[in-house]
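Annotated in TrEMBL:
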BINDING   8, 396  Mg(2+) binding site
BINDING   15, 219, 220, 221, 222, 223, 293, 294, 295, 341, 342, 343, 344, 345  ATP binding site
BINDING   102  substrate binding site
ACT_SITE  159  active site, proton donor/acceptor
SITE      191  site 'Transition state stabilizer'
SITE      252  site 'Transition state stabilizer'
Ligand code: ADP
């Protein structure tokens, strides 16, 4: 068994990647979007690879684009299959042995990647109540893919699963217990696939068994979260009941005093949709400085733009607070890693995030931090730093593929 198709479905689009798991080599990837609109768009890229013994690919990646009506995910899958048939790679040679699906919410039920059957589909559907923006799209993708690839295992890989190891004191809100129980309110945590992947990469980079390493992972993308990981187990994470809690994000507030919502309802006539829009789409970096791309904000801040400077100050202030809190929860750490768009690319954010941890022996090497090679693991702490600080590129698709392969292989062995 060696080829896995990874599918990441949203409500009106899905991304896919075909991976040869023998060398974790991407064979093709694509995006089917604007599902349900008048004209859908499908983009399919066949990845070029060097022949054995050759230093570099002899042909370039080939990207094809097609536009036509794609009314639903089932049609989207048919379009994807046509793209494979027309442009390769051929399924005769590289037929997927399993299909892995990203599912945002697995609730308290799913603590690992799980083979999808009708009962699992039903649970994902039931969990749409907790993730109304995410689970329905994933479910559509799963149904369409199960119809298109009826004879292989489909595996659901949940963003929440990695955090199911959190102890009760970390996942419990100090809410009325009965209300919390009835409405399944607790901290679930998200970005688990990325936190798991990055923490494994970091331990491997240190050359130490995962079980012996205490670490903190900052996933700073458009969405942002931080996780404390003890011996490979998530013990605390900043996203909570939804992906809104915690760090300042591109368009989301992260932590706010919930009484602000009551205040806006009482005195300014905000209803549920207004609050949802404010908290999830009009806040964070966009709310503070009108833009969510950290590249722009850093450039503007350097040119003395005060809104951009404040946005970065608030962003970093929150990261520092979490770094301190999680170091305290773990009782110290061996390694702190930065990942995702901002974490992998914004040297300024990384150095400012840790600039007050000198008292714990955290020493950033500024030259290393400013010259991190793109796409590679890099140490940015100096050699005499007591805590190693790394930049670790995340790869959620590869992690989904690994877990898919593992679950499918395990099932076959049963
Ligand atoms: P998503 O959460 O959508 O997967 P990503 O992990 O791709 O997000 O991160 C996207 C964000 O990364 C962008 O909004 C941008 O702020 C930031 N980013 C990307 N490249 C750079 C860069 N060179 N410098 C600073 N920030 C960057």
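First residue shown is number 1, and so on along the chain.
Placed from the backbone N, Cα and C atoms, the Cβ positions cover glycine too.
What you are looking at is a predicted structure, and each value in this text was computed from that prediction instead of being measured.
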From the recorded positions 8, 222, 252, 342, pick the residue whose C-alpha lies nearest to the C-alpha of residue 159 (active site, proton donor/acceptor). 8
Count the other Cβ atoms sitting within 10 Å of the Cβ of residue 396 (Mg(2+) binding site), across every protein chain shown. 21
Cβ neighbour count (10 Å, all chains) around residue 191 (site 'Transition state stabilizer') is 29
Please go through the binding-site residues 8, 220, 293, 396 one by one and keep those whose C-beta falls under 6 A from any atom of ligand 1; give the result in sequence order. 293
Among the binding-site residues 15, 102, 220, which ones place their C-alpha within 10 angstroms of the C-alpha of residue 8 (Mg(2+) binding site)? 15, 102
Near residue 252 (site 'Transition state stabilizer') in space, meaning Cα within 10 angstroms, which of the binding-site residues do we find among 102, 222, 293, 342, 396? 222
Cα-Cα distance maximum in Å, computed over every pair in 15, 219, 220, 221, 222, 223, 293, 294, 295, 341, 342, 343, 344, 345 that the record assigns to ATP: 25
In the structure shown, which of the recorded positions 15, 102, 252, 295 has the fewest Cβ neighbours within 10 Å? 295
